[in-house]
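Taken from TrEMBL as is:
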{"type": "ACT_SITE", "residues": "ASP236", "note": "active site"}
{"type": "ACT_SITE", "residues": "HIS285", "note": "active site"}
{"type": "ACT_SITE", "residues": "CYS389", "note": "active site, amidino-cysteine intermediate"}
Amino acid sequence: YFYFKLGRVFTGWVQRTFQSTQAATASQNTCAADDNKATNPVPKDCPVCSYNEWDPLEEVIVGRAENACVPPFSVEVKANTYEKYWGFYQKFGGQNFPEGHVKKAIAEIEEMCNILKQEGVIVKRPDPIDWSVKYKTPDFESTGMYAAMPRDILLVVGNEIIEAPMAWRARFFEYRAYRRIIKEYFNCGAKWTTAPKPTMADELYDKDYPIRSVEDRHKLAAQGKFVTTEFEPCFDAADFIRAGRDIFVQRSQVTNYMGIEWMRRHLAPDYRVHVISFKDPNPMHIDATFNIIGPGLVLSNPDRPCYQIDLFKKAGWTVIHPPVPLIPDDHPLWMSSKWLSMNVLMLDEKRVMVDANETSIQKMFEKLGISTIKVSIRHANSLGGGFHCWTCDIRRRGTLQSYFD
């Protein structure tokens, strides 16, 4: 009882302190004119509002390839990369990705930003940071990676920006590149939540995770064994995909059940979080496996069938299997599979941003009555993401709907 009472006294003190500083904060706030506006519910002109993957896109964050670093070859990196690149990680971990390749990726993303602006979308970019700087916590040492994939670290649910805790040690401080933008959105009325930051101590990882081949990975995934343990919550935002009140997530190498449960409790009762799974030897991020592109319309990777697909079929959804990607075998994909071809960005229900080289999937979209906005991002793909990964939609013009009732 004493501790409970002490807790209430402390909480009251925090609230009074916060209230006493609100006036000072609001006076510096570019979007809050006075105390009342700062304490009122979210203003109608809040720039953050997105409930799904397909409503008309109005504002987006696009990542940066600048200063991208190869992550050190730790056990969690090994579990998420393909054997043919392990030598690359062992040799270059902690160093910059090949300069010529990164320059081409930067140019591709700049062109992508220009095209988004031409389509009427407001584009924000994270801050450039030197990711080669070594850092140390009481539990580990590492260098950083990049701020290329905002989808990995930020999840927008309604007017709330949720900052994911991440699971790779090389991505521990990645949030720093986005803080300026998030503070601007917060000052304009958005909710801002950071999930519990994991220690990323050794106990979070199965240090003896037995990965030798694709067959090993299939067996382990089928047994529900992953490189991350349940020591503490962890998740990447890109393992979640939104369809209004229903949000789908996979348990993966970077997202554990504790992380999923944290999200379920945090978003309840307004949103329902459903765990779905796939025949996938290397689950990491859902959007090159299962990409919801419209109300009642989902792209499902034919190489990684969804075990719960009947949930969608019974709800009357159309499940589309995209064609085999055209990207050549000799093109470096250090952190991903060829299926980035289906990692597309919907500008609305009838417009999609798709790789200029992937003519097969372009034809598929055109048959569906969806016009394609073609942009080449092959070199940007090498860093681990397609259009969905390289972006985080901040505002889509639409309202909260339920598509599974």
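Every residue gets a Cβ built from N, Cα and C, even glycine.
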#### Entry: Distance [Cα-Cα, Å, rounded] between HIS285 (active site) and CYS389 (active site, amidino-cysteine intermediate)
9
### Summary
Around the Cβ of the residue listed as 'active site, amidino-cysteine intermediate', other Cβ atoms found within 10 Å total 27
### Task
For CYS389 (active site, amidino-cysteine intermediate) and ASP236 (active site), determine the Cα separation and express it in whole Å.
11
### Query
Counting every protein chain present, what is the number of Cβ atoms, excluding its own, within 10 Å of the Cβ of HIS285 (active site)?
28
### Task
Run through the Cβ atoms and count how many others sit within 10 Å of the one on ASP236 (active site).
25
